[in-house]
Amino acid sequence: MRIPIKDVTPEIGHARIAGWVHEERDLGGLTFLLVRDRTGILQVTIPKKKVTPEVLAAVKEATRESVIECEGVVKATEKAPGGRELVPDMLRVVSRAETPLPLDVSEKVPAELDTRLDNRYLDLRKPRINAIFQIRNACLRAISEYLWDNGFTQVQTPKIVAAATEGGTELFPLAYFDKEAFLNQSPQLYKQMLMSAGFDRVFEIGAIFRAEEHNTVRHLNEATSIDIEMSFANEEDAMHVLENVVASAYQYVADHCGDALATLGITDFKVPTVPFPRITYKEAIEISTAGGEPLVFGDDLSTAAERIVGEKMGTMYFITEWPTSTRPFYTMPFEDRPEVCRAFDMMHPRMELTSGAQRCHIHSLLVEQIKAKGLNPDAFEFYLNPFRYGMPPHAGWGLGAERLVMTMLDLQNIREAVLFPRDRHRVSP
């Protein structure tokens, strides 16, 4: 049976492995193959006078990135990666790679991001890139486990919808038989409907689609959103869950992803301390203005403003009490100052990671707010009906998985944090 490379030790004595030829060195009487699988790299040493003709023929056939299978004796040696090598008594080429390769998986020859994404199947073989997705997987596992442990039910909501979640024109239309339909921007409306259904606490990890024309290092047109909604809760309750979700993801990565972090060269990985600091929107625009990026009440925070405030805060933090005019129609305003609402953003010093709020659960107020945004309540009848028959107060948020991983690992482009990115210029591969 095949053994993962990370589990191959001299104590095993004899092992069978399979993987890709990462590098090859021919020193005359000796040939060295570095064989890579998902778990690591192992040196396969071929003493030409001591192996069979079949092994020698297979070694000659094997090109870089060919898939091979080999079996042999495992020996300890200080000169090999990981302090061990395998001397094969069987080696065969399972799938020979053509030459030249369109991309150097060993990364000795650098490549532009577009070239890498065009050949993503090869790019993902790189140990450094693979490490990003091992950590992403760990984050989603930790987040799911935290939410399950805290009484949340995982759900899957429709991705084909008849109306915009948040209004606006940032929608991808679909040819849906004889009806008008769109790819969903967010599970927001359905999460809220589940509060009326008595689900109490729900979460979803799924795709969202936004037809934004941004072409930046922090925007995607298809992304993965981690969403929650919880009944009988306000914005403070939602922030409490959020900061603990994020801290638990960091802690899980710190505890279980040491090898992946080392592959990425991260030696000072820090788990954020909870609770995260909180500042109001008013305080944020004052900090931005003092830092040279003037803002007035009602302005959204620009990239420059986020940078100025983030440098001052120096850690993850919340911005609370946003102008009602800047938030979607389903956000609950403060009763005594309706121009301000119970919304928050969770910020990394580099950028926004999450938006959330206490939601409006009062049918008449919700209809008013839909109209105030220039939208037609009739288009939201399916959503509004549950509010007529007993809707508890509720709150929630949506966290971008790619932005979480991007900031956690200090990646320079969000496309690095998704397997096959979709932006305004890329729909393949």
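Note that Cβ sites are derived from N, Cα and C of the backbone, with glycine treated the same way.
Straight from Swiss-Prot, the features:
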type    : residues                                                                               : note
BINDING : Glu166, Arg210, Ser355, Arg359                                                         : L-aspartate binding site
BINDING : Arg210, Ala211, Glu212, Arg218, His219, Leu220, Glu352, Gly400, Ala401, Glu402, Arg403 : ATP binding site
BINDING : Glu352                                                                                 : Mg(2+) 3 binding site
BINDING : Glu352, Ser355                                                                         : Mg(2+) 2 binding site
REGION  : 188-191                                                                                : region 'Aspartate'
SITE    : Pro81                                                                                  : site 'Important for tRNA non-discrimination'
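Everything Swiss-Prot records as a feature, shown here on the structure.
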| residue | record | Cβ within 10 Å |
| --- | --- | --- |
| Pro81 | site 'Important for tRNA non-discrimination' | 13 |
| Arg210 | L-aspartate binding site | 19 |
| Glu212 | ATP binding site | 16 |
| His219 | ATP binding site | 17 |
| Glu352 | ATP binding site | 18 |
| Ser355 | L-aspartate binding site | 19 |
| Arg359 | L-aspartate binding site | 27 |
| Ala401 | ATP binding site | 21 |
| Arg403 | ATP binding site | 23 |
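With Arg359 (L-aspartate binding site) as the anchor, the candidate binding-site residues are Glu212, Glu352, Arg403, and the one with the nearest CA is Glu352. The two recorded residues, Ser355 (L-aspartate binding site) and His219 (ATP binding site), have Cα atoms 15 Å apart. DSSP labels the residues of the region 'Aspartate' (188-191) in these numbers: 4 helix, 0 strand, 0 coil.
Cα spacing between His219 (ATP binding site) and Arg210 (L-aspartate binding site): 10 Å, rounded to the nearest whole number. Looking at Pro81 (site 'Important for tRNA non-discrimination') and Glu212 (ATP binding site), their Cα atoms lie 46 Å from each other. DSSP assigns Arg359 (L-aspartate binding site) to a strand in the three-state reduction. For the ATP site, whose annotated binding residues are Arg210, Ala211, Glu212, Arg218, His219, Leu220, Glu352, Gly400, Ala401, Glu402, Arg403, the maximal Cα to Cα separation is 19 Å. Under the three-state DSSP scheme, Glu352 (ATP binding site) falls in the strand class.
In this model, the region 'Aspartate' (188-191) carries an average pLDDT of 96.
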